[in-house]
Amino acid sequence: MFTDGMGVIAMYALTVLLAIPLGKYIAKVYQGNPSRNAGSALDFIAPLERLIYRLGGVDPNRQMNWKENLVALVTINLLWFIYAFFMLLFQGSLPLNPDGNPSQTPDLAFNTAISFLVNCNLQHYSGESGLTYLTQTAVIMFLQFVTAATGMAAMVLVFNALRTEVADKLGNFYVYFVKSITRILLPLSLVVALILAFNGTPASYDGKDTIVTLQVDTVGVSRGPAAGMIAIKQLGTNGGGWFGVNSAHPLENPNYLTNMVEDISIILIPIALVFALGHYINRRRLALVIYGVMTVGFMLLFFPSLFAEISGNPAIANLGVAQPLGSMEGKEIRLGAAASAYWGITTTATSNGSVNAMHDSMTPISGAMQMLDMMINAFYGGVGVGFLNFFVFLIVAVFISGLMVGRTPEFLGRKVEAREMKIASLIAILHPFLILVSTAISSYTLVNMPDADWAVKPGNWLNNDTFHGFSEMLYEYTSSAANNGSGFEGLGDNNFFWNFTCGLVLILGRYLPIVGPVAIAGLLAQKKYVPESSGTLPTDTGTFGLVTFAVIFIIAALSFFPALALGPLAEYFSLR
Amino acid sequence: MKTHIGPAIRLTVVLLVLLSVIYPLVVAGIATFAPGGGKGETITVNGRVVGYKRVGQAFTEDRYFNSRPSAVDYNAAGSGGSNKGPSNANYLKTVQARIDTFLAHNPGVRKEDIPSELVTASGSGLDPDLSPAGAKIQIARIAKIRGISADRLNQLVDEHTEGPLLGLFGPSKVNVLQVNVALDALK
């Protein structure tokens, strides 16, 4: 157990140690002139980028305002959706399908296309049988790169608005998008993929193998070019695994070393982006305060989950067996309870959604912490979009503290007025609205129409009864709205009701929280810059950090408390 | 929107080539130098492949170290956990039944010494490992069936115990397939 704790400490320490230089590097990447070198280590990639701009028909020097940038973002996203949907719908008849897997049904293809388009990676199928090598690489892995880059590019647009010298132009979406791939995501993915491959993760295109075991059973073994995809699914806060059980699978996550590398990859870029903000807009203290608030929140969620998992399941203890390793249902021996609890919190903090243990089987406290993590969705957060969510809370905090001290609310030298505040409030309320309303609808359906003649009868949706069953539904919509992608996988979710409702929640939960902050940023950037004076409320202090934390706690935590009380908390108190 | 459709299509095609063709082929190419050539490492006994080193398999016979319960019966064509919640009454009955079975097959073992990993299903359903304690509690049974001394088996488990990474990070584990292959080779 001691070495398990050391492993977790090492993972977090290494992440921060790597994130500090990476943040500096990322700021340089985005600051660089698009057609010239940025003075960073990967300048040799510049010719490749020029080739991509030329073949793509993009003028990298063109400056666009926030509306043009959003139109560019939405247009290319729409195209990806159509492309992904039809590929999945016809994958069974397309090449690179050595295992002979079938095409997806229209509702499953709709859900899958949206889920990967919005960087959520909720999976209502299992990778071994639900996809082909073609769709794994050309749809799933492709979207894992480009949607992560989309989030990062949107974030840079907001960064640009926070710089003092900016007017109404926020830069060029395409440039930030391409550079995010060529200079950040692709090089890091290559490193991680090779570490995985040399530790036993398959990377070749060979199909499923059949073996006769020592005990003379005949079983199959699924394989495929998995290493490359697993790398970007971890780094891009995507989370959709090659195999059905994600990084609990011994080929997707072969040993403790790969587990450390994969888990570090989950929060590396999200933390680095906070530091990048400090360098990019030249406000390092503000970045430190933001990092501090996020880290305190992260730890407050992690430790209860850690203690719950290593203490084990009280109901198993009652049966009289020993739990020296903690709660082991749904967990792997080579990873252990502590590393699984840590993964559970990193993956829900960041909208990653990959898992290395089955969250459905974890203790109620862990379930509660994971859901709360996604309900807040701003402690580190997804690549790019995590900061956008935090930005909304910052605006609300600025406004509230401005009112409390009786001054006009200002953020980084620009007045926050009614219009920005309306957008921020709507975005902040959207998240609880999506989660709670959809969970209410599914609960109503389950109770009142248990025998409806659908592919899966509502009465058979749940894998567990009572409080835990409710948690399965609450978790699914929380994960969808937060674009996380992890699940209480016992839920029978591959049917029209869940594919459709989750798909809707996914779209709203992705694009509105991108459009809102970019719009706020665009509006702020158009305003006159007022230099900070003694009359300005400073936003880079511990006091302001505390106010931000309080705002997050009040908006996110309290609006979800009743739902959590019905699910995991009730289960916790009833578990003896 | 119209002005952005052209770049959207062209950029997508270019990036598909880079990210979905070149990148995975580069990884696959370099991985041919990895153990197992990027196809997964196998274990061979007398010229016959008996399994993948990292993919667990079912060992239910008393003469072998038994692997953990699995929700997919160790068929690695798929993967899966039980997804049973900790308070689920039916699930707890299943665990109780596994405890009873274990006690019946391992007379002399006290219930409070059974590590819970032996009566709970793993996350993947393909867990290749046991903890050292999970292996050692089965020694008395195997020693009796095979007529090998318990000391020798203890030594075997120790030889096949892989400690924490660098001696510092993570749990200790015993690869069930490898220890059973070695067990068959003992006499």
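Keep in mind that glycine also has a Cβ here, set from the backbone N, Cα and C atoms.
Feature annotation from TrEMBL assigns transmembrane segment to A:6-27, A:70-90, A:138-162, A:174-198, A:264-281, A:288-307, A:379-405, A:426-447, A:496-524, A:544-566.
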Proximity of the transmembrane segment (A:138-162) to the transmembrane segment (A:379-405), 3+ C-beta pairs under 8 angstroms: yes
Considering the transmembrane segment (A:496-524), which listed stretch of A:70-90, A:288-307, A:379-405, A:426-447 counts the most C-beta pairs under 8 Å: A:426-447
Surrounding residues of the transmembrane segment (A:174-198) on its own chain - C-beta under 8 Å, 6+ positions past either end: 26, 29-30, 32, 34, 40, 42, 45, 48-49, 52-53, 56, 58, 60, 72, 145-146, 148-150, 152-153, 156-157, 227-228, 230-232, 234-236, 254, 257-258, 261-262, 265, 268-269
